[in-house]
Amino acid sequence: MSDQVEQREFQAEARQLLQLMVHSIYSNKDSFLRELVSNASDALDKLRLAAYQDKDLDVDTSDLHIDLDLDSTARTLTVRDNGIGMSRDEVVDLIGTLAKSGTAEMRRKLQESNESTEELIGQFGVGFYSTFMVADKVDLLTRKAGENTATRWESSGDGTYTIATVDDAPQGTSVTLHLKPEDADDELHDYTAPWKIRQLVKKYSDFISWPIRMEVEKTVPASTEEGAENTEPTVTVETETINSRTALWAKPKSEVSDEEYKEFYRHIAHAWDEPLDVIAMKAEGTFEYQALLFIPSQAPFDLFNRDGHTGVQLYVKRVFIMGDCDELMPEYLRFIKGVVDAQDLSLNVSREILQQDRQIKVIRRSLTKKVLSAIKDLQANRPDDYATFWTQFGRAFKEGLLSDPDNRETVLGLSSFASTFSPDTPTTLADYVSRMRDGQEQIFYATGESRRLLESSPHLEAFKAKGYEVLLLTDPVDEVWVESVPEFQGKALQSVAKGEVDLGSGDDTADADRTEFADLLTWLQKTLDDHVKEVRLSTRLTSSPACLITDTFGITPQLARMYRASGQEVPVGKRILEINPEHALVTGLRDALASSQDGLSDTAELLYGTALLAEGGSLDDPARFAAILADRLAKTF
Ligand code: ADP
Ligand code: MG
């Protein structure tokens, strides 16, 4: 008996993703089975843990397993587990919407849809919806552990689903796929053929720790003994466990194939890409643990939107304890996926206990070191993979320059930065240093919003003219870490927009220049007193008349903007105006000043305003600037 069947619509993004699945030409549609088995396995993990933590929970955990039922006549495949199950609300939330994916990024990508299905599937890890690659109707029946009523959910993947509460169902979840007719005669995609299913489980899910069972026909040969009863061969049906259930992390790396690692990665990471690297660790002695970590090859689109969650699962003596175990991996390595199996923790260890646990801190420290050395290996020996790593995760990785002072030197060495040396290939600091010019003592960098803006900024002029390479740092985190990283390999990091720079111009007319411009400097200083703290002659300009410089220890306007965006007000303090003694506007102003000061203060303001505009800054009073400029231009006719 069931209550009224209710029809509902999928949430918009879910509908789009479903469309994609229904019409998928994804070359590897076999992977739907991995997704269903993976979900069933997660549900069994969760139930075991729930029963452990709540002794009053009325559940039977004596025979947790996954069943696969094949019906070649009805052309259905059912994947059933006796795990945690879902409540009605959970079915609506988890299956009817893309809770984890309801982000603007996802919506944008789906709308643009100029990427291939394959790429989109890879990025979003479509999970349950992948069933619609092979089924034209999917039924789900589930009862949550501890609840009396169950939920039936059905959909043809066409934008709507039906949901009903039903009185009775076994605890756990069963998912029945009504297979698409076009696959019926296609031997390679006949998911009702036992050999096919056995092959897929071996390939994708062999390591699953719960038994995956399937009914198989066994032919018992006729007995040749005299007086035996079975003189004819007989066919019996037996239930067989078809996965070998070995924990991959407990095996030495040499005994596991790349294929096995890949599928394991996909299971624990809920991902569809290939791992870039596999890190297997085994620690013996006081704290015994094994770890199997993966560097993915594709960043999740919510890398910067995960509330800082990391991707490592904690097991204790082969028993799943928790996912996203943030205590095991620093936040800047949140893209690392994997498993840590500790021998000496208690099975009912909680997050609160983990935060205090000394052993966990030790494990975290060695995992971090190991991951960093794996990245170092990519950098040294697999440049293409290192480049992939950097494009996908560099922005997150650089956060380590701030958050992990113990490993700062290593993180710095493993980082890459855009530079004036090459328009598209980022450089490491070591490579930068190797290209430094004779006598160059500092690593020059510029920070700002975009490469284009930086390249045309007045601050860079002399560096370009004299052939110095400058790092172009455009990520928000760059503004912050450069403040706290003083040097690399003994070479100080120096902003092109801060303090004094000595580019070794080597000309000794500087002093003469200074007296020649002394009056102008004093007058400008007085006139622009509200805006700048000092006016001086510049060595960094070749074509612009002026630029603004921050004190060596001052806060740049970009950094101040970032603080403001995060709700913190920091005073920017006045900056230094540097003027170009070679520029006609500057020499003209100097000469005009010698005869009269009339109207020249407007020109001084224009000089200051253009310096601000040229670095991409915004004027305090744009209307006033525009009025003065228009007035000046009018006088040119
Ligand atoms: P993911 O596994 O990456 O979270 P899926 O689309 O595979 O995404 O599944 C969505 C959610 O639905 C799961 O996170 C889980 O909460 C729930 N779910 C799916 N299958 C089951 C199942 N067999 N038992 C219990 N919950 C399930
Ligand atoms: Mg899943």
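Glycine too: its Cβ is placed from the backbone N, Cα and C atoms.
Under the heading region 'A', TrEMBL lists 1-351. According to TrEMBL, the feature domain 'Histidine kinase/HSP90-like ATPase' maps to 28-183. The ATP binding site feature in TrEMBL is assigned to Glu35, Asn39, Asp81, Met86, 100-102, 123-128, Thr173, Arg351. The region 'C' annotation in TrEMBL covers 562-637.
Features recorded in TrEMBL, as mapped to the structure shown.
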{"residue": "Glu35", "record": "ATP binding site", "contacts (Cβ under 8 Å, 6+ apart)": "Val126, Gly127, Phe128, Ser130, Thr131"}
{"residue": "Asp81", "record": "ATP binding site", "contacts (Cβ under 8 Å, 6+ apart)": "Ala40, Ser41, Ala43, Leu44, Leu64, His65, Ile66, Asp67, Gly172, Thr173, Ser174, Trp210"}
{"residue": "Arg351", "record": "ATP binding site", "contacts (Cβ under 8 Å, 6+ apart)": "Met322, Glu327"}
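DSSP gives Val126 (ATP binding site) a coil state; it is part of no helix or strand. Across all of the domain 'Histidine kinase/HSP90-like ATPase' (28-183), the predicted model scores a mean pLDDT of 88.
Screening the binding-site residues Asp81, Val126, Arg351 for a C-beta under 6 A from any atom of ligand 2 leaves none. Look at the region 'C' (562-637): DSSP puts its residues at 44 helix, 5 strand, 27 coil. With a CB cut-off of under 6 A applied against ligand 1, the binding-site residues Asp81, Val126, Phe128, Arg351 are reduced to Asp81, Phe128. Look at Asp81 (ATP binding site): DSSP puts it in a strand.
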